[in-house]
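Notes to accompany the following structure.
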Amino acid sequence: MEKKNGYTQDGTVDLHGRPVLAAKTGRWRACAFLVGYEVFERMAFYGVASNLVVYFTTQLHEDTVSSVRSVNNWSGSVWITPIVGAFIADSYFGRFWTFTISSLIYVVGMILLTLAVWLKTLRPDCEKDEICNKAAPSEIAFFFSALYMIAIGAGGTKPNISTFGADQFDEFNGEEKKLKVSFFNWWIFSSFTGGLMATTGLVFVQENLGWGIGYAIPTAGLIFSLFIFYVGTPKYRHKVCRKSGIPARELVRVWVAAVANCRRELPEEPKELNEMEPRHYLIAGKRRLTHTSAFRFLDKAALKSGDRLLVNPCTVTQVEETKLVLGMAIIWLTTLIPCTVFAQVNTLFVKQGTSLNRSLGDGFRIPAASLGSFVTISLLLSTPIYDRYFVPFMRRRTGCPRGITLLQRIGLGFASHILVTAVAYSVELHRMQVIKTHRITSPNAVIPMSILWLLPQYVLLGVGDVFNGIGLLEFFYDQSPEDMKSLGTTFFTSGIGVGNFLNSFLVTVVDELTKRRSKGRGKSWIGNNLNDSHLDYYYAFLMGLTALNFGAFVWLAKRYDYKQEEAMPDEGKMESRGGDESSVAVGGTAL
């Protein structure tokens, strides 16, 4: 319910710091502009990322392992730099202005990258259907400088655009809170729509009409998307940036206070711990958090007084916020292996596809990177089914507004990755058998096996991401402390980044170790010649890691305590965020 004066209840303001009218701002009317930006930005990003390994091997003449490592390192940087962008947004400039500055850097990086692949003076000398000369050090330096400028720009846009979208829904308004439940489903839907445009149209343009045109199109699209974003400025709601200091500093203060009070005993009743009155949080546009039993050592930071009070006591809410971040960090560790599996889409899956028969008749050949579009297509088809049918169906049976809890949703996604790696292993076994039957040894030989054999693993990744990817983004946003929403969301992006780095590390180590073990008598698992390697062993290795990781996740999820907030006076009882909101305590029933 809106306030009598018609303003939002969560303290959001317009760009000039004035209170905003709930009826004229926010909700999906504002998110429509953000979704428009996201479609074109994703097209730009995936227009580069999806076919980058092919550019490295065919234009810059890097070997397979080096190309995979280069792609993973860049992708990892794109998803890691949001930690810095989120910190700056939460602590200093706010989401809107951090996004604005970063988006300009992003655009400059895309322009430079387009020049690097278009201008003859900036790229290796080669003509169509001819072998290119090896890239000069200056050409490589310019290309990588442009790539990493994009990574820096993405660091300020990725963590802030999605959280800025979620800010358009007032948590204190019951109707808007219900609308927000579906926000991340449709946000990822728009994101993958842009990715589909890249993996179908742009990849084909790059390989058939030229890399320059293939990069110029997404660059123009990115510039157009910024125009769309700023057209919606009058409709946006802005969270007020903290003026009292850096949010993460309070987390450190809780740990310091807990250590200082380590020898003191905790009271039997949590209500004896230090806490502010509800009115204090109402004025700040926040909710007071309820005490949970997790990480009880940190409760010592909220001890009120004593003979040896070394530091000022923290509040229960501050302690619970620290517990939330610690709990999310532990869950984050279990996301790294699934993110490593997903990193195969733009690396080994693509290289695997280049070795297969890509002809579909009449001289048309499918670009290997275009198969990534089936990840997108399966996600785009599955998301509406999940949101419109699965959630209502499960809601009637569980009573949970989300149908299933956030960790249950993530768990289903993690389980699907075991199936993905099992299918990839089976398909690779078949590919190896075809190679053996036809006695193929040349690295450039086309194996008489259709590239469509790879479709199942792409489709399964897309369906799984409806549970895994969207679930993680919503989980980390939902469970983050109120003043750390952007920084909390970077748990999602950084997991993808570390997953890419981890894949780069695994590919390098596995290649080196298996080379040494073979000593010229056997095969390396991953080599320049995939037709004379054992990629099936690597997929089996990933399958084992994924299964172990899933077991660890289930064990942790059963012990996770969701955020528990005290409702406002007119909202009734306390609610538990992320789990079944009809109950207060959900720890132990998450999965």
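Placed from the backbone N, Cα and C atoms, the Cβ positions cover glycine too.
TrEMBL assigns the feature region 'Disordered' to one of the listed ranges (517-541, 567-591), namely 567-591. Looking up the ranges 38-57, 458-477 in TrEMBL, the one annotated as transmembrane segment turns out to be 458-477. Proximity of the transmembrane segment (537-557) to the transmembrane segment (406-427) is established through 3 or more Cβ-Cβ distances under 8 Å for residue pairs spaced 6 or more apart.
Of the recorded ranges 183-205, 211-233, 364-386, 458-477, 489-510, the transmembrane segment (324-344) has the largest number of C-beta contacts under 8 angstroms with 489-510. If you look at the transmembrane segment (458-477) against the transmembrane segment (183-205), you find at least three C-beta pairs under 8 angstroms, all six or more positions apart, and that counts as contact. Among the stretches 96-119, 183-205, 364-386, 406-427, 489-510, the one making the largest number of Cβ pairs under 8 Å with the transmembrane segment (211-233) is 96-119.
Long-range contacts of the transmembrane segment (364-386) within the same chain, counting only residues at least 6 positions beyond its ends with a Cβ under 8 Å from a Cβ of the stretch, are 46, 50-51, 53-54, 185-186, 188-189, 192-193, 195-196, 199-200, 203-204, 206-207, 345-346, 349-354, 356, 358, 451, 454-455, 458-463, 465-467, 469-470.
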